[in-house]
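Scroll down for the structure; my scribbles are underneath it.
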2 protein chains.
Amino acid sequence: MTMSSYESLTTESAVSLVKKLGLFAQSESLSCQEIGDGNLNYVFHIIGKEKSVIVKQALPYAKVVGESWPLTLERADIENRALRLQGKYAPDYTPKVYYSDKDLAITIMEDLSHLEIARTGLINGEDYPLIAEHTGEFIARTLYSTSDFAMGPQEKKKLQNTFCNPELCDITEGLVFTDPFFDADTNDFEEGLRSDVEKIWQDTALKLHAAQLKRLFLTSGDALLHGDLHTGSIFASARETKVIDPEFAFYGPFGFDIAHFTANLFMNALSRPESRREPVYAHIATVWDVFNREFTRLWKEDNKEAFARTEGYLKWLLADIFEQATGFMGLEMIRRTIGLAHVKDLDGIADTETRLEAKRRSLSIGARFVKERRQFSTADELVEAFKEGL
Amino acid sequence: MTMSSYESLTTESAVSLVKKLGLFAQSESLSCQEIGDGNLNYVFHIIGKEKSVIVKQALPYAKVVGESWPLTLERADIENRALRLQGKYAPDYTPKVYYSDKDLAITIMEDLSHLEIARTGLINGEDYPLIAEHTGEFIARTLYSTSDFAMGPQEKKKLQNTFCNPELCDITEGLVFTDPFFDADTNDFEEGLRSDVEKIWQDTALKLHAAQLKRLFLTSGDALLHGDLHTGSIFASARETKVIDPEFAFYGPFGFDIAHFTANLFMNALSRPESRREPVYAHIATVWDVFNREFTRLWKEDNKEAFARTEGYLKWLLADIFEQATGFMGLEMIRRTIGLAHVKDLDGIADTETRLEAKRRSLSIGARFVKERRQFSTADELVEAFKEGL
C-alpha cells in the first residue's frame, strides 16, 4: 500500500464510487453527508430512494491534530477482514460489508442509522432488553470460531498471522494497561480525583497485577478479538444489536472483549440512580450466562482438540476466562476514569460531587476486580462486589 | 517458493556451490561427504586444506518414506533466520551462517565436527563441565532479547509474524502434547510398559494438566524459542557449546526450551549408575541458576516495559517460567519414553529389566512434574523429587 494511490473521499467522490459499483443507479438522486464524529475516519452516509449505505474511509492521520499524527491505513483492511469473519460467525450481529478497497482504506457497509449507539441509549435510560444476549452470542461465536479448538492449530496460526495489528495494539497497551498506573502525559482526570489517582500510582500490588494482565494481553493469542468492544461500539434497538468498528482486532486473550463490555455496563450502572440499575445488573449476568452457554455449545458441537472431552478441561477453561476477564474489567474501569479516553456515562453526571463519587467508585471497584480476580467465579458475585463498593 | 526452482544437491553440486560462492578457491581439491543421519535434510561435510563447512539442505519430503510425506521447505528459511538471530544474541553458542538460499532450502554454516553431539557424549560418560552454563546463557539471551521486554511490543509483534511455523509446531503439538496421552498410532513403547502406559491414558488428572500445558504452547507468544532444545541439538566439548537445528523456532512460552534441556538431562541421569549422576544434577542446578541470573541481568540492563521496576514483577515472572517449565519437563520425559521419538539414553540401556525400570521412573517422575508443577520452586527441589522417584 503506497500513499500515492490514497486519496481522501469527498461527498461527491463517495457518491460517484457507490454508483460506479452499481450499489445505486447512475441516474438516482442521492443525499450524502459526512457524519464521522471520531477523528480517525471519514464516515459518509449515502441515502437513495429505497436504500442507504455507509462509506467509511480511514484517514492516514488523526484529523483532530491535522496531518501531524500519522496512523496506519492498514487498520481499514484489518477492520474490513474482521467484519467479514465476524459476519461469517455472527451474521445477525455484524453489519454487512458490500465492498472494500485496501489502497483507499475504504469499506462500504450496511447503514445502521435506524439503530442507536448503545452507550447513548443506556445513558438516556434505554435498557435494550436483548443487548446482553446478543453480545454474549457475538463474543462466544466469534472467539470460539477463530480459536485452536474450532480451527485446529495450523489454520488458526495462519489466520492469526494475518491479524498482526501492532500499531493499534500499541494504543491499547499504552492507554489501558500502562499509562493510568504512572504519571503519564496521556492521563486525564479531574483535579478532585488527584489523591485517589496518586494512591493508584503508589499501589505496588495493583501495579503488579496490572503488569501480569498486560503480559497476558501481549503474549496470549487465544482468538480473534474485536479488541474495543465497549458500549460505544454497539448499535442497538429493542430488537437488534450490531457490533461495529473492529479496527483493533487481533489475536488476544479470550477474556478481553467480554470484560470490556461488562466494565462499560458497570460504569453505566454507576451513572444511574439506584432504582434504575437492576436492568444493567441483569445484562451483566446475562452476557456471562450466554457466553458460557454458547461457548459450551460450540465446544461440544465441533472441537478439533483431542483433550476436548477430558474431564474438567472446559470447566477449567471457562473459569480461567472468567478470572482474566475480571482483571481486564477492572483495568477498563480505571482507565476510563483517569486515562485519556473517558466514558460519557461518568463524565456526563452533571453534579460535581455525585460525579466525583461515581468516579471514585469506578476506581475502587475496578482495583478490587483487578486484585481479587481469582476470588470471583460468577457474574452474580461481581455484581454483589459492585454493590458492596457503592 | 515454487517447487520448480528446487533441486536436490549432490556431493558434486554442493562442491560447485561453495566454490561459486568463493568459500573455497576454484582450484582447491575438496572432500565432500553426505553425513545426514536424520531423514529430513541432506548434510554435506566439505573439507578443504585449511577450512571446512557444512552445507545443509532441507528435503521436501521425509527421506525415510520416499517422497510420500511432503514437508514444508520453509523450515530451512525459519532455521536460517533463527540461526542468524541466535547468532546475534548468543554468538558464542551458535554456529556461524555463511550463506543461505531460500528457494533451494540451503544453509551453509560453520563446521562443528571437532565437537560431539552432547547426547552421545553424555551417554558415553562425558560430563561437559561448561554445557549447562553455556546453554543457560544461550536460552536466557535468545529468549529475553526477542521478548516484549527487550524489543518493545511493536517490534516483537513484527518479528513474531515472521516466525509463524504451523507445520513444525504441529509435530510438537501432536508428538509431545497429545499422542502419548491417547492410544495413538504414533506411540511407540515396549510391551513391558503397557500397563504403565494404559494407566497414563486413564489418568484424567494428568491429561487435564497436559491439556493446560498444551494450551500454553498453542497460545503463549513470549519469545522466539529454539523449539527443540534437547541434548541432541547441542554440539559440545569440554570448552565449547553450540546449539544447532532451530527449525522448530517459533514464538512460544518462555519455559519451553529450558524444560526440554533439563528433561533430557534427567533422562540421561536415569541411564547412569548412581555414582555418576552428580555431574548431571549439578548441570540441572546450573542451567537454572544461569538462566535466572542472565535473564535478571538483561532485564535490569535494557527493558522497555514500564512495569519493569514494579516490585515483585521479575520475581513473579521467573516463578511463572519455572512452573510452566516444570510441566513441560514432565511432558518431555513422558513422550520420550512412550511416544514416537525416543532418546538413546533410555533405549540404549542393554539390560531389559534395568531399562524398563528406568523408563518407568521417567514416566512416574514426569507425571509428578506435570501434576505438581506449582509445588516446586527451585531446581534443587526438582532434583530432590527426582531422587525420591528413583
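Glycine is treated like the rest: Cβ placed from N, Cα and C.
Binding of ATP is attributed by TrEMBL to A:Lys56, A:Glu110, A:Asp111, A:Leu112, A:Asp245, A:Pro246, A:Glu247, and within the candidate set A:Asn41, A:Asn124 the record adds A:Asn41 to that site. In this structure, A:Glu247 (ATP binding site) belongs to neither helix nor strand by DSSP; it is coil. Take the binding-site residues A:Glu110, A:Glu247: by the count of other Cβ atoms within 10 Å of each Cβ, the lowest one is A:Glu110.
When averaged over the domain 'Aminoglycoside phosphotransferase' (A:32-270), pLDDT in the model lands at 95. Considering other CB atoms within 10 Å as the measure, the emptiest surroundings among the binding-site residues A:Asp111, A:Asp228, A:Asp245 are those of A:Asp111.
In the three-state DSSP assignment, the secondary structure recorded for A:Glu110 (ATP binding site) is strand. Under the DSSP three-state reduction, A:Arg335 (substrate binding site) is assigned to helix. Note: the Cα of A:Lys56 (ATP binding site) and the Cα of A:Asp228 (substrate binding site) are spaced 18 Å from each other.
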